[in-house]
Amino acid sequence: MAQVSINSDLGEWGFSADAGERARLLQSPCVEPDPKSEGEASPESLSRGTTSTFGAIFIVVNACLGAGLLNFPAAFSTAGGVAAGISLQMGMLVFIISGLVILAYCSQASNERTYQEVVWAVCGRLTGVLCEVTIAIYTFGTCIAFLIIIGDQQDKIIAVLTKEPEGASGSPWYTDRKFTISLTAFLFILPLSIPREIGFQKYASFLSVVGTWYVTAIVIIKYIWPDKEMTPGDILTRPASWMAVFNAMPTICFGFQCHVSSVPIFNSMRQPEVKTWGGVVTAAMVIALAVYMGTGVCGFLTFGASVDPDVLLSYPSNDVAVAVARAFIILSVLTSYSILHFCGRAVVEGLWLRYQEMPVEEDVGREQRRRVLQTVVWFLLTLLLALFIPDIGKVIAVIGGLAACFIFVFPGLCLIQAKLSEMEEVKPASWWALVSYGVLLVTLGAFIFGQTTASAMFVDLWA
């Protein structure tokens, strides 16, 4: 493969040349013994991964599936019914898969092994910094959503244990939502977030994947054999407007966003070839589509337009099978919070080190103190916001708009820059088509972000 001409001037913006690499070495649970230097990186010099093709499919599915599936029934309701929801998912899946393939192509061409490093190398430092800031904001917002989900599920479980309806006046102080979220966060999330490495969570992560499939199975079973007390609202058959369809896009983006973790997964393969990767992500996205579509269709048809933004909240509190699903979701987000925080903390660390231009010895000496401070500040801010933003739908709208940037905008910019770098060479016949497709991706992502995220931030959250 011809090498893409990338922006490699390390003197711009006043950043230290190796600060980003030092941040990766300080934060990554799986690192190389020595940082690569300019001119050393090549396909032969990079160590081969050990992940098989089928293993890569499973990892991508694992990265894609998560608590976001709880919002798909509401997304179908927003889109205007089953036909509109399925059509929207199928249409967006084409762009989602192409974005994953573009990232693999740019990773191989630039010899970079993480999402932000690929954007940094291909698009330049300004876009690279913007990408890192976006990742930090996205992971921060997702952590808030996870805390809200914990509170939602605990409310239902506590209502069964105390045999009182949720939110009933005169309930004991220890059943108050703010107290239960805070207690769970301090006992479990904060200790899991402080360690430097997260490899120890692989077993809990496996359980969270099992829990995701269990939730989907419960939603489907409850649709086929519904409880007598569950009565659906209006079953919409068409969108109320085109804007309603677009308003469902952030949820789909949030659910299918695995692009940030896709670059390391691609480079962990035994044969990291773009063609093989295309088959991997196509198979993985079809599996994820089946899970999300099953949850979305059955959840929407069970409750209709009255479905809650978190579908599990629509089920009765005393349903044992659903209570198990709620417990699985709590377990899933407990581990997912610390993983997302780890990614956000690594980005913040990289930005800080580049800005400070610290000697590497000083970085290592102060790493633990800085990591604890970053973790505590991150944890407290997300907890406070989660306590006072109880509606998960509004948070999903914001982070779904940011997810659109990772799915559409940055891959589109990488494709455009990669093709523009070939202008001095002989242009292939597909040159203009690829550049035009990159422009389409950027435009679509910018529209989703601008239309949905800005509305949620400046209207809904402060209403």
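Keep in mind that glycine also has a Cβ here, set from the backbone N, Cα and C atoms.
Whatever TrEMBL says is automated annotation, not expert-curated.
The domain 'Amino acid transporter transmembrane' annotation in TrEMBL covers 50-450. Taken from TrEMBL, the feature region 'Disordered' applies to 28-48. Residues annotated as transmembrane segment in TrEMBL: 54-76, 82-106, 118-151, 179-194, 206-225, 245-266, 278-303, 323-348, 372-389, 395-418, 430-449.
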What parts of the chain pack near the transmembrane segment (430-449), using Cβ distances under 8 Å and only residues at least 6 beyond its ends?
95, 98-99, 102, 246, 249-250, 253, 400-402, 404-405, 407-409, 411-416, 419-420, 422
Looking at the stretches 82-106, 118-151, 323-348, 395-418, which one shares the most CB pairs under 8 Å with the transmembrane segment (372-389)?
118-151
Is it the case that the transmembrane segment (206-225) and the transmembrane segment (395-418) have 3 or more CB pairs under 8 Å, with pairs at least 6 apart in sequence?
no
Counting only pairs 6 or more apart in sequence, are there at least 3 Cβ pairs under 8 Å between the transmembrane segment (82-106) and the transmembrane segment (245-266)?
yes
With the transmembrane segment (54-76) as the reference, find which of 118-151, 278-303, 323-348 contributes the most Cβ pairs under 8 Å.
278-303
Mind checking which residues of the chain, 6+ beyond the ends of the transmembrane segment (323-348), have their Cβ under 8 Å from one of its Cβ atoms?
23-24, 27-28, 66-67, 70, 116, 132-133, 135-136, 138-140, 142-143, 146-147, 149-150, 153-154, 156-157, 160, 184, 188-189, 192-193, 198, 201, 204-205, 207-208, 210-212, 214-215, 218, 260, 312, 317, 371, 374-375, 378-379
Do the transmembrane segment (118-151) and the transmembrane segment (395-418) come close, with at least three CB pairs under 8 A (pairs 6 or more apart in sequence)?
yes
Among 179-194, 245-266, 278-303, point out the range having the most Cβ pairs under 8 angstroms from the transmembrane segment (395-418).
245-266
Near the transmembrane segment (179-194), which same-chain residues lie under 8 Å Cβ to Cβ, leaving out any that are not at least 6 residues past its ends?
147, 150-151, 154-155, 158, 173, 201, 330, 334-335, 337-338, 341-342, 371-372, 375-376, 378-379, 383, 386-387
